């Protein structure tokens, strides 16, 4: 069985150019791309100021466009999964008339970045968005679009901010325009990804370090359950609130400052459910540090064991898995050549990530599909680069 054939950035760029020419009657002047990501380990730790270990994917969002002089922004997306309408036009924000979220939802990510963009004056522009990052699959299509938008705006009106500041603008856009209180991991990896490396991110200090991930004998398999989720639903904000309440009860700024022994000792200060939520986060931060060390020394078995522990904790303590994800993980773990597998992303659907021997990939995909009650989509991806300006 083969992984889903994904268009390369060059093909997406050609598609975006054609769509732009058709829509606006001229060739676009500018083009940028930003990747989706998969988080290898460190789930629901980023908004708890913890550690995460994502890698950028070869799945990307491409944005092409040209400035215009009438102060309007005109957008088109070619994504069939995006909500209608697929095209819209609106004026640039002013201090008296800021942009506000609305419908279509896909455009809110673009609007949010425009609203919070720090440099001025920003001209109006026409743009087309083309993406190979699946929507709602837990591979961060939202941050991919935000970072592509930011990178595009930089070409129109250069900024002077740090990479961390750019990531924070994109994060703020998601908070205020999509209503998702996300951490900063997705935006940072979309900006900082480097081919052949995962990126260990400390979400407290925003320090990052590259972790080599280029062994040709190793493969990263992403399996989409094709069960869609919306993180704006009640569960994601509820988990975040529970974590903050536990940190407060223990007199800490965040769960990053909490050791497992302290959590156990303070068990009576919180509900059983809140304790389990915090136990996942505290344990996951430890697992992520251990996993990065295992990857650096090439100990894939140890890394795989930590992935499985992570999944069990997400399933049992954090309760963000679902039957489909559990089924995909169990199927992967019963196949020869697999080091480890876990759900990845926010949960309640979306994807699993599996570390395996590259030579075993076709057999493993076949095995998972045979065991899975639904229809899975597979992506094999190398660790890829972050956002970039493209040249025609």
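Heads up, residue numbers simply count up from 1 along the chain you see.
Positions of Cβ are set from backbone N, Cα and C atoms, glycine also.
Fair warning: this is a prediction, and the values are worked out from it, not measured in the lab.
What Swiss-Prot annotates here:
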- 186: active site, proton acceptor (ACT_SITE)
- 37, 43, 44, 46, 186, 236: alpha-D-galactose binding site (BINDING)
- 136, 138, 140, 141: ATP binding site (BINDING)
- 230: phosphoserine (MOD_RES)
- 37: site 'Transition state stabilizer' (SITE)
Rounded distance in angstrom between the Cα atoms of residue 43 (alpha-D-galactose binding site) and residue 138 (ATP binding site): 11
For residue 37 (alpha-D-galactose binding site), the number of other Cβ atoms found within 10 Å of its own Cβ: 33
Local Cβ density at residue 140 (ATP binding site) - other Cβ atoms counted within 10 Å: 30
Residue 46 (alpha-D-galactose binding site): nearby recorded positions from 136, 138, 140, 141, 186, Cα cut-off 10 Å: 186
Which binding-site residues sit within 10 Å of residue 37 (alpha-D-galactose binding site) - Cα, from 136, 138, 140: 138, 140
Distance [Cα-Cα, Å, rounded] between residue 141 (ATP binding site) and the residue listed as 'active site, proton acceptor': 9
Greatest C-beta neighbour count within 10 angstroms, which of the recorded positions 46, 186: 186
Most crowded position, judged by CB atoms within 10 A, among 136, 138 as binding-site residues: 138
Intrachain C-beta neighbours of residue 236 (alpha-D-galactose binding site), sequence separation six or more, cut-off 8 angstroms: 180, 181, 346
Residue 44 (alpha-D-galactose binding site) CB neighbourhood, other CB atoms within 10 A: 26
By Cα-Cα distance, the member of binding-site residues 44, 136, 138, 140 nearest residue 186 (active site, proton acceptor): 140
From 136, 138, 140: binding-site residues whose CA lies within 10 A of residue 44 (alpha-D-galactose binding site): none
Conformational class of residue 37 (alpha-D-galactose binding site) under the three-state DSSP mapping: strand
Whole-number Å value of the largest CA-CA distance among 37, 43, 44, 46, 186, 236, listed as alpha-D-galactose-binding: 19
Site with most surrounding Cβ atoms, counting all protein chains shown within 10 Å, from the binding-site residues 43, 141: 43
